[in-house]
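A.B. asks: Starting off with a structure, shown below.
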């Protein structure tokens, strides 16, 4: 296995660390998958503990950040750096430790973006807050912010990076399909 393959595998493994689940046990909440939406991410943890949700958000973001930083230390190939982010997000969504049932990847995507282009995190956050203030849906805020950043990547990066980021974005959106259906039916929980 060459160094590039090793970094992609390591990015997947880093991404697959289920911090929301680990912190929910440490914090005495039990199995977060049996609470609220059943998701292991920060939004679901938020339903039981704001403090643990913040820590979950930070640690899930760090998974993407560390994976991208690792790739950047071994290669100046920007496409490879984006691929490392993709593998970290896939790890978060489909962790080997949890029978491939993980989170939605928003925080890990955000951490990846933070290392690649920190200004995009500011835009993401602004879009997220605006949509959240208007609609009160975390899921809708995440989807619209992800699409917005996808458009920014398309205008600032090459075709290879843009396609890789498109795949990341589509994965995040697909992970939100149930939320989209609930929003349409008027059954999505507001925060």
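Glycine is treated like the rest: Cβ placed from N, Cα and C.
Straight from Swiss-Prot, here's the annotation block:
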- 7-27: transmembrane segment (TRANSMEM)
- 51-71: transmembrane segment (TRANSMEM)
- 80-100: transmembrane segment (TRANSMEM)
- 115-135: transmembrane segment (TRANSMEM)
- 139-159: transmembrane segment (TRANSMEM)
- 161-181: transmembrane segment (TRANSMEM)
A.B. asks: When you check the transmembrane segment (7-27) against the transmembrane segment (80-100), do you get at least 3 Cβ pairs under 8 Å, counting only pairs 6 or more apart in sequence?
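C.D. replies: These two segments touch.
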A.B. asks: Using a Cβ cut-off under 8 Å, which residues of the same chain at least 6 positions beyond either end of the transmembrane segment (161-181) come close to it?
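C.D. replies: For the transmembrane segment (161-181), the list is 78-79, 82-83, 85-86, 89-90, 93, 103-106, 109, 112, 137, 139-140, 142-143, 146-147, 149-150, 153-154, 188.
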A.B. asks: Counting only residues 6+ away from its ends, which parts of the chain sit with a Cβ under 8 Å from the transmembrane segment (51-71)?
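C.D. replies: Those are 7, 10-11, 14-15, 17, 19-20, 23-24, 27, 29, 41-43, 45, 80-81, 83-85, 87-89, 91-92, 103, 107-116, in sequence order.
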A.B. asks: Would you kindly list the residues that approach the transmembrane segment (80-100) from elsewhere in its chain, counting only those six or more residues past its ends and only Cβ-Cβ distances under 8 Å?
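C.D. replies: 4, 7-9, 11-18, 21, 40, 60, 63-64, 67-68, 70-72, 107-109, 112-113, 116, 157, 160-161, 164-165, 167-168, 171-172, 175.
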